[in-house]
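**Student:** Structure below; questions to follow.
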Amino acid sequence: MAEEKLSRSVHHLRQFIAEQNWSIVDEKEIAHGYQFLVTDGQSKVPIALYTTGKTLVQGKASSLQATLKAWSPTQTLANKPATQQTGQTETRTASPISSKTQASNGIARIGSDESGKGDFYGPLVVAAVYVDQKTEQRLLQLGVRDSKKLTDTLMLNIANEIRTHCPYAVRVYLPADYNELYQRIGNLNLLLAQAHADVIAQVASATGSTYAIVDQFGNEALVRRALEKTGIIQRLEQRHRAEEDTAVAAASIVARVEFIRHLSCLSASIGVDLPKGGSHPQIVIKGRQIVSQHGEEALKQIAKLHFKTTDAILHP
């Protein structure tokens, strides 16, 4: 309950910052809360939100600081985000934007992409983002493109803008849940197909959009069959290099930022800086260190066990 309250407060603060035409310079998780560094172009002020409901505004006295001190997490907008959480898998949807306008390269649409599929450590994250003509132009001006072409810092700033202005949904499979699902399903593409269908369906329900573009990862029939069960999407495109589309690129950024955030949390929980990727030489070294200190069971909480890397760690 406390985490849900914090999530709502963070979302409301993002919306308030966007309304004031301010920018988020930096943000990070802190003990029992979340901290932003906000600027109005002249001053920079840190503001921290806590699971207890407390808000702490610091920095030098300024109009920015005074306005942030007057703000309250209980201030709500007409449209509130929906938050669902089941076990360790979370799904979040931004407020809907009503629009039937044509996007610059086609009709308004939903794009979806995943992150963490090839990373041994950390979760699998799937995100969907709705883009119309107005928001597409804004995202292009921000430099939205495939997350693999952006630095982590730049992605974080862009992701804030995407979440503020675009309806979106995210599904996070933390390693413990991922390993359980994979053991039951036995096929990564089946798991991915259902995750893509879930986030697309949620954004479609919020926006009324019936057109979706997915970064193709396997047999096209997998996502199509999963979406047919929802009865929402009428037009589905699956493309290789779909990140060239603005909506898919936006989804790739949101997914990657969530992956990085959760990987950081897992690193903190285990006391080891977990490397990204699937072939970095430090992956096996860090894995053996973790097993030595915490036992084999610890791997289930931080890594995808079906990777061949697991065998290299456990059987040197």
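Easy rule for this one: first residue shown is 1, then count along the chain.
Glycine too: its Cβ is placed from the backbone N, Cα and C atoms.
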**Student:** Among Asp26, Asp215, Asp245, find me the residue TrEMBL lists at the same divalent metal cation site as Asp113, Glu114.
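**Tutor:** Record check against TrEMBL: divalent metal cation site with Asp113, Glu114, extra candidate from Asp26, Asp215, Asp245 is Asp215.
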**Student:** Other than its own, how many Cβ atoms are within 10 Å of the Cβ belonging to Asp113 (divalent metal cation binding site)?
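**Tutor:** If we count other Cβ atoms within 10 Å of Asp113 (divalent metal cation binding site), we arrive at 31.
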**Student:** What other residues of this chain sit with their CB within 8 A of the center of the CB atoms of Asp113, Glu114, Asp215, the recorded divalent metal cation site?
**Tutor:** Ser112, Ser115, Val126, Ala127, His196, Val214, Phe217, Ala242, Glu243, Val248, Ala251, Ser252, Ala255
**Student:** Are there any residues at least 6 positions away along the chain from Glu114 (divalent metal cation binding site) with a Cβ closer than 8 Å to its Cβ? List them or say none.
**Tutor:** Leu124, Val125, Val126, Ala127, Leu192, Ala195, His196, Asp215, Phe217, Ala255
